[in-house]
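Notes for the one structure printed next.
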């Protein structure tokens, strides 16, 4: 493809490393980028960039398959998943594969199949990545114009956006079909402590689905993270899938309007920055979801949430002391508030003590004991079931607190188990990665805007001290 502008003019930031290390097309002289700038060398080589992306997808899918099989090989059915450091099998179990009542694993074969399918897929992607990176055409515009593009071709860019949106919409519908037709998904709220069930009565009311988006993100409200029934989750995927598919068709059929052409920067680096910004939002949202939500991330597989473990401890000692003769309705604690039960700011009966801060927790083992005004004293005296006691004792000793060296659990709880909860791992990793992606978004957005405006801030690369130093090799 003929270059329509001077590389020097377009790639504002040049950092000379050592031009003698590389071949033509891969060195600084011919691309304007040093070897470590990675895919920046491929900005105008659509064929090679395709290879890089397909190979990257292959690495991702290879990790998924290999890690999946690793978890299957190490899995012990007698222990809960969250005690074994698993992060992939809980996702498969949540989708209803291999589990039965109470989240008990009945069959690990579906997990094995999942791992093998991902490994085989990664081999196909890996071959495609190597082919396009090394053997295929450098640019696709001449031989395969449908797959070719120029970054500033606004119509082509929105067509590619549309194709991506349609694929995302189909992905959302995969969950819908699994929940509706292919065996159902795991519902932690099923009576008696959770079970796999088909979700038949979807929530499609726009006021409910979009009402989540309008909620406050703070305690008691919790934005979309507060979703607590599968009908809403699956119904939300119907809405999301439909919007993505319709939006994708719209973007394929239309050209950007004048206001959009003016508002956006239309370059490869700008698109990179938009994508990184979106992924940062996904990362932060996923962090909050896995930390607080025990419906999309059932506690049977991921362990209790922090508030859940705390409330479970209060419940466990209420049960114990009630058996020993305490009157849990009137016993006073050291601060003058109720020792076992007290009232929330809005008048509900809640657990007393330090766990009062988590009074708005909802959990399947606790909800049967609530009445119209919070915890029901008569139910606490007469209706507590053995499965509720067992589960709360288990969750009390598995709080999602823990450091990298696995000293987990509540420091003052002598029965706590030494482990790190998958909720801790997943929330921390998604927060940290989301933050890094956000910084990458700011970095690339700044560069893209500076390039579009025709200036850059930074040191003058022509007189950089390193240029007068001896090459490293």
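Any Cβ shown, glycine's included, is placed from N, Cα and C.
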Which listed span Swiss-Prot calls transmembrane segment, if the choices are 213-233, 234-254, 255-275: 255-275
Leading contact stretch, 69-93, 178-200, 255-275 vs the transmembrane segment (134-155) - CB distance under 8 Å: 255-275
Positions on the same chain near the transmembrane segment (255-275), where near means CB under 8 A and six or more residues out: 43, 151-152, 154-155, 157-158, 440-445, 447-449, 451-452
Protein Cβ atoms within 10 Å of residue 367 ([CaMn4O5] cluster binding site), excluding its own: 11
